[in-house]
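Participant: This is the feature table in Swiss-Prot:
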| type | residues | note |
| --- | --- | --- |
| DOMAIN | 38-161 | domain 'PX' |
| REGION | 1-23 | region 'Disordered' |
Amino acid sequence: MPREFKSFGSTEKSLLSKGHGEPSYSEIYAEPENFLEIEVHNPKTHIPNGMDSKGMFTDYEIICRTNLPSFHKRVSKVRRRYSDFEFFRKCLIKEISMLNHPKVMVPHLPGKILLSNRFSNEVIEERRQGLNTWMQSVAGHPLLQSGSKVLVRFIEAEKFVG
């Protein structure tokens, strides 16, 4: 005898009618059990020698919100240069090899900009978006979220030294 098809909506209604009731406001909007949110934004270009463009660099603010036990702070803000991201990637690859996690692949960073217009607003914003996507990809990996000391230091330490 064929079973009657029930759409998801009718199944949901039958569950709710069996004493489960409507979910409360706090259940709907409660903090997730474990979360890690990372944003790379607010790029700033620095001219260390006053008006001389030699030595100019751009850094980016990384904001992290988390309740994961491997992190020491629930909210952290740090500023990082592109070279810091490069060093972080190298340290992360080394940590992964030492922990023998062959299935963790660290993606490549967005390409280094060698053009003379690397400090234009459009180029800086394109890089920021690339670094944001890259950082979310790396931080979104479950093994790295729960076990990477290098990731925690990069996100939380005022100065990243590996």
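Even glycines carry a Cβ here, placed using N, Cα and C.
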Participant: In this predicted model, what is the average pLDDT of the domain 'PX' (38-161)?
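Facilitator: So the average pLDDT across the domain 'PX' (38-161) works out to 89.
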Participant: Under DSSP, the domain 'PX' (38-161) has how many residues in helix, strand and coil?
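Facilitator: With helix first, then strand, then coil, the domain 'PX' (38-161) has 50 helix, 28 strand, 46 coil.
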